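Take a look at the structure set out below.
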């Protein structure tokens, strides 16, 4: 028994075809929106590629760009099908291709739904990518004379200023790395020698941070050196006083920014997915109602349209049987090919 059967007359079929034609062209615009969102996200990720550890984070924007292009192609084609649907001669040319086309549309909708889910689920992967990338970027901060790394200082400084953050997880991350180049250290100074000797790796570590960590909204002049030394500054206690540095780490700041972007894109993609599913259902009803017309020349006759020819369990069973037959057919072909090669080998 057909699932969700609906009776159509000529007037209803015309309205359905016209409505679907209009919806498909709206969906082309939606495809352009998906493409634009993917392109925008890719550009935003590229801007911070120096502080990202790998290219895995580009899966979502690349997927959005691809799905946007496919949406424009499929919906343009569907619009043409709907336009030709009520002309018996033109519809006859499309008829053999409609079932495979609808199957492709179903597959497209499944993939689009998965891409929308990925927009919400990529946070964990992005967090690890940003964490390792920022750690490496901070390590190369001092390499202003090294080719290929000389830009890293400016990149990190601009990042901390723009996102109002400091370090990877916080300002104390700067205490654990040498962020001042040896070029600007006076090795004849006793203080410099003592600091380097006191470190196992021979690094010059200080309880200080780059200028870009300073919060300009603070009324007090920025304390960026000897941050944990209360006696080095007048009326100062680093444990109780609100420091005039950005407290939030850059990983959290960037993660929040990209997560909000991808969550918004995920919502938009889900809404477009619902629209695409509606169009696919409408196309199925249009196809079955037109196929149900006994005589194409008598366009006024009534017909029935349905979503599935049989119930869901029966449809699923038939699908599994067709897959099994396909598998057996491939196996027989492979055995025949092996049998044909055996005499030649002899």
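Note: Cβ is positioned from N, Cα and C throughout, glycine not excepted.
Keep in mind that what you see is a predicted model, and the values were worked out from it rather than measured.
Residues annotated as topological domain 'Cytoplasmic' in Swiss-Prot: 1-24 (among others).
The transmembrane segment annotation in Swiss-Prot covers 25-43 (among others) and rests on sequence analysis.
The topological domain 'Lumenal' feature in Swiss-Prot is assigned to 44-61 (among others).
According to Swiss-Prot, the feature N-linked glycosylation site maps to 53 (among others), an assignment based on sequence analysis. Every protein chain considered, the tally of other Cβ atoms within 10 Å of the Cβ of residue 53 (N-linked glycosylation site) stands at 16.
The transmembrane segment annotation in Swiss-Prot covers 62-80 (among others).
Only residues 6 or more beyond the boundaries of the topological domain 'Cytoplasmic' (81-99), in the same chain, are considered here, and those with a CB under 8 A from a CB of the stretch are 13-14, 17-18, 20-21, 24, 283, 286-287, 290-291, 296-297, 299. Taken from Swiss-Prot, the feature topological domain 'Cytoplasmic' applies to 81-99 (among others).
Residues 57, 59-60, 63-64, 67, 70-71, 74, 77-78, 81, 255, 259, 262-263, 265-266, 269-270, 272-273, 276-277, 279-280, 283-284, 287 of the same chain lie 6 or more positions beyond the ends of the transmembrane segment (100-123) yet place their CB under 8 Å from a CB of it. What Swiss-Prot records for 100-123 (among others) is transmembrane segment, and it gives sequence analysis as the kind of evidence.
The topological domain 'Lumenal' annotation in Swiss-Prot covers 124-264 (among others) and rests on sequence analysis. In the predicted structure, the topological domain 'Lumenal' (124-264) carries a mean pLDDT of 87.
Under the heading N-linked glycosylation site, Swiss-Prot lists 229 (among others). Take the CB of residue 229 (N-linked glycosylation site) and look out to 10 A: across all protein chains shown you find 12 other CB atoms.
Swiss-Prot lists 265-290 (among others) with the feature transmembrane segment, giving sequence analysis as the kind of evidence.
Among the features that Swiss-Prot reports, topological domain 'Cytoplasmic' is placed at 291-346 (among others), with the record citing sequence analysis.
According to Swiss-Prot, the feature region 'Interaction with MREG' maps to 341-346, an assignment based on similarity to another entry.
Across the topological domain 'Cytoplasmic' (81-99), the DSSP tally of helix, strand and coil residues reads 16 helix, 0 strand, 3 coil. If one looks beyond the transmembrane segment (62-80) by at least 6 residues along the same chain, the residues whose Cβ comes under 8 Å of a Cβ in the stretch are 20-21, 24-25, 27-28, 30-39, 41-42, 101, 104-105, 108, 111-112, 115, 118-119, 265, 269, 272, 276, 279, 283. Across the topological domain 'Lumenal' (124-264), DSSP helix (H, G, I), strand (E, B) and coil residues number 66 helix, 2 strand, 73 coil. Cα separation, residue 229 (N-linked glycosylation site) to residue 53 (N-linked glycosylation site), rounded: 34 Å.
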